[in-house]
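Pulled from Swiss-Prot, these are the features on record:
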- 83, 86, 111, 112, 163, 205: S-adenosyl-L-methionine binding site (BINDING)
């Protein structure tokens with residue numbers, strides 16, 4: 001049997017269901033390239049030393065190490081930060097296991113999407129979609145964040161922007177994410193990602209971070225650390241507006 005288990009976005013988010021699945025497993029695998037993971041908590045729960053899987057292990061080799069464990073009739077778990085099913089690589093492993101006739105269970109965890117909207121007090125019903133702010137590849141910037149934010153602002157919807165992760169596991173800090181958006185504005189030039197654009201930054205959830213509300217220019221000059229996500233708010237209801245004013249006031253006292 002294979003269990004895909006989410007540990008939540010940081011320390012203190014492990015559910016009872018997640019803990020039980022890990023304790024009962026013969027083989028415990030984890031990856032930390034899609035989201036940060038509380039490895040020490042994982043070690044306390046596992047019966048043996050957890051095995052770290054790389055992006056290549058999961059995506060290029062289709063989780064071969066996991067299936068070697070399953071072939072021996074053992075219980076395997078793949079543990080991730082956040083929720084296990086928000087990454088396409090994890091969904092691919094689940095689908096492959098089912099095709100090969102193995103029982104599969106999913107143990108949900110607190111996702112960064114839910115955490116971001118909880119901490120910002122914005123309505124998740126107005127989420128218009130998710131895009132990733134990526135580092136340029138070969139000098140080319142992805143315009144997907146620009147296009148999605150532009151569409152959502154026209155429709156009165158909020159946009160969640162995930163921030164990139166380098167191959168070495170380094171999470172893009174908010175300052176670099178803001179700089180990428182400003183560079184996109186220089187290239188696209190439709191007046192969207194200006195320095196005065198208001199943005200919510202949710203950073204280091206479960207690792208001593210919180211949420212701040214500031215302008216894109218202020219974020220580009222900040223020293224906030226990753227991992228982080230941005231929310232570009234659109235039309236605000238009265239409660240949303242009051243919540244963001246509170247975040248802005250708290251941010252100004254830092």
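Backbone N, Cα and C define each Cβ position, glycine as well.
Sequence features annotated in Swiss-Prot and their locations in the structure.
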residue	record	DSSP (3 states)
83	S-adenosyl-L-methionine binding site	coil
111	S-adenosyl-L-methionine binding site	coil
163	S-adenosyl-L-methionine binding site	strand
205	S-adenosyl-L-methionine binding site	coil
Report the same-chain neighbours of residue 111 (S-adenosyl-L-methionine binding site): residues 6+ apart in sequence with Cβ closer than 8 Å to its Cβ, ordered by sequence. 6, 9, 82, 83, 86
Site diameter for S-adenosyl-L-methionine, Å, by largest Cα distance between 83, 86, 111, 112, 163, 205: 17
Between the binding-site residues 86, 112, 205, where is the Cβ count within 10 Å the lowest? 86
